[in-house]
Amino acid sequence: MDLIFNVGGSMAGSGGRQRGPPLFATEKPGRMAMAAYRVSAATVFAGVVLIWLYRATHLPPGGGNGVRRWAWLGMLTAELWFGFYWVLTLSVRWCPVYRRTFKDRLAQSYSEDELPSVDIFVCTADPTAEPPMLVISTVLSVMAYDYLPEKLNIYLSDDAGSVLTFYALCEASEFAKHWIPFCKKYKVEPRSPAAYFAKVASPPDGCGPKEWFTMKELYKDMTDRVNSVVNSGRIPEVPRCHSRGFSQWNENFTSSDHPSIVQILIDGNKQKAVDIDGNALPTLVYMAREKRPREQHHFKAGSLNALIRVSSVISNSPIIMNVDCDMYSNNSESVRDALCFFLDEEQGQDIGFVQYPQNFENVVQNDIYGHPINVVNELDHPCLDGWGGMCYYGTGCFHRREALCGRIYSQEYKEDWTRVAGRTEDANELEEMGRSLVTCTYEHNTIWGIDKGVRYGCPLEDVITGLQIQCRGWRSVYYNPERKGFLGMTPTSLGQILVLYKRWTEGFLQISLSRYSPFLLGHGKIKLGLQMGYSVCGFWAVNSFPTLYYVTIPSICFLNGISLFPEKTSPWFIPFAYVMVAAYSCSLAESLQCGDSAVEWWNAQRMWLIRRITSYLLATIDTFRRILGISESGFNLTVKVADLQALERYKKGMMEFGSFSAMFVILTTVALLNLACMVLGISRVLLQEGPGGLETLFLQAVLCVLIVAINSPVYEALFLRRDKGSLPASVAQVAPIDQEVPRHTSNCHQLLN
């Protein structure tokens, strides 16, 4: 795609500093590419309007049992929604932008001493779902950033208050003395030791085999010690690291009932905190906020707010970065890239946060789940950035501390990049101050979680937080470097994926129905395009009902010989055929352009359908149950440990079901219904002459066949597979597989009503 470059910069700056060249560039697609896209979109929209017109002008007459008329009205409603949602999505994609940084100019404009310090937050909540070795590999990857160590401060929030995680972090603090100089000396990438040694089988350039194998053995020894302690559940009598902190755990300590703990494991301000080469180490802090059974702790949002307060007395860096414990740093220069945006004196004054994309290293080629990561990262997110506000997604994000803490942007605002905490040298005193800031009653009658810090009251607290920052006048930017900034692990079972999307859908729906709706909160504060961008996800839930209607009613009517589409020979057939072919051709072209294969695109279409009739549907139901007071909000932690057999099946392209789920019952019922309608319907059409033949039911037959083809993994898991990842027998018993599918109009009328 041809790009137009747009860079800024001027000669005079604030505070007497000479403004140098811009530190980043903004690139837009060329005019010809955008013109072609818009012409294509216009023709599809014309087809959509003709479909609406056909539905409105060919409404079947009433009388009789009225089945066709009611089915027709349902199709009109569904197609009106699909058209509206397509226009909404299209509008967001109207003006994508792409960012490029100039780290060489950053080095020319600012000395190392002038660069701001950075506080990095890593959050974990359960040592079983998030094993300690996974957590500390992420911690080590950010400790080894290519940045002045005296200006790096790493904080681990352990919401479970697990002594096993604390022990693992102590081990990591010792291993870091060897690992960090090794990484910087040989420019190692990635700097997560687990990822590095899993990917690299030989020493880097300039490193001798002995030194490399010594480092590998050091990591293996640490891994063995940590895993041994985790498996036994007991801490050695004389652990190698700091023993002082272990005294805070006792027999009454539980994950949901424990006091606050703040431990500075490495104090970067102390001269003795050095690596094996005598160079300074980053500050490393362990935090477990107080938890009591009757006190609300607000999940990850509460953890991040506790980290903001603790870090304010220990380091108080003007830049805060947070990353999930399973999203290790894959690019050692990510900090410098982010600073190119914040420190640009012409364009960076109003940038509140820089969001990196989420990428996953365990996605295999021709992924059966069709994870739309490439299309989302290469197309969707740059389009949001084009409207002035990439969403905050809760991980891999660099924030200005003041923007995150509720400051309203004004043109008079000037950032003090050199400010740090007015701290004492006494670590014990700092720890005591930190503990007092993370008690479970500290936030009572305060604006924390309301107007300050990360927001409470929604499963997607990060999205609301980012939206409020933008509504306060700050911009956000999206940066997707060639070498990915962060890599994590995505679920590899269908159940986990659907639960994850259900949680996201509930969160977006709650936002849309609350005072945080982008059309309410953002009115007059952010661009209309950005409001629409947030609403694309906000309306996920609404898609469930028309989609479920479209994959059931036309098939049932096909079985009963009831036509809902124009005949093949009718001129009205053309807009239906064109919209379907053009829309899916465009979707396929986008996927191929972003690096996906045709198989991955097909799998993505399957997951698009599955999510809509399962995750989105149940999310909608549960949200309204909560609104009515029937149930309460909860949070399901995504398990970061994969079953080895399930992982092997995933690599072979086998969809993982495994355990019973109401979502599987819905999916199986729809799949079996369409299979029966296809077989019996086509048989009836071939045997029947006159009205109700293939001529009038062609599009319904095609739709039914496509739905059956998309559901092929469901039939395989139901009828052919016998492994543990197949559909459980309980799902087959609940789904109506033994019930006769209705064959007459009267039965169809019963189902429609």
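Placement of Cβ uses the backbone N, Cα and C atoms for every residue, glycine included.
According to TrEMBL, the feature transmembrane segment maps to 35-54 (among others).
The transmembrane segment feature in TrEMBL is assigned to 70-95 (among others).
Of all Cβ atoms in the protein chains displayed, 25 besides its own lie within 10 Å of the Cβ of E130 (UDP-alpha-D-glucose binding site). What TrEMBL lists as UDP-alpha-D-glucose binding site is E130, D159.
On its own chain, D159 (UDP-alpha-D-glucose binding site) has C123, T124, A125, D126, S255, A288, R289, K291, H297, F299, K300, S303 as residues at least 6 apart in sequence with a Cβ closer than 8 Å to its own Cβ. Feature annotation from TrEMBL assigns active site to D159 (among others).
The annotation Mn(2+) binding site is assigned in TrEMBL to K300, D324.
Neighbour list (D462 (active site), Cβ cut-off 8 Å, at least 6 residues apart, same chain): A301, Y392, Y393, G394, V454. If you look up TrEMBL, you'll see D462 (among others) marked as active site.
For the transmembrane segment (657-682), the residues of the chain that approach it from at least six positions outside its boundaries are 493-495, 498, 502, 548, 551-552, 555-556, 558-559, 610, 613-615, 617-618, 646, 697, 701, 704-705, 707-708, 711, 714-715, 717-718, 724-728, 730-732, 734-737, 741, 743, judged by C-beta separation under 8 angstroms. Feature annotation from TrEMBL assigns transmembrane segment to 657-682 (among others).
According to TrEMBL, the feature transmembrane segment maps to 697-720 (among others). Long-range Cβ contacts of the transmembrane segment (697-720) within its own chain (Cβ-Cβ under 8 Å, at least 6 residues beyond either end) map to 368, 550-551, 554-555, 557-558, 561, 563-568, 573, 576-577, 605-606, 609, 654-655, 657, 667-668, 670-672, 674-675, 677-678, 681-682, 685, 726-727, 732, 737.
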Separation of alpha carbons, D324 (Mn(2+) binding site) and E130 (UDP-alpha-D-glucose binding site) (Å): 10
Close in space, distant in sequence - D324 (Mn(2+) binding site), Cβ under 8 Å, 6 or more apart: V122, C123, T138, G394, T395, G488
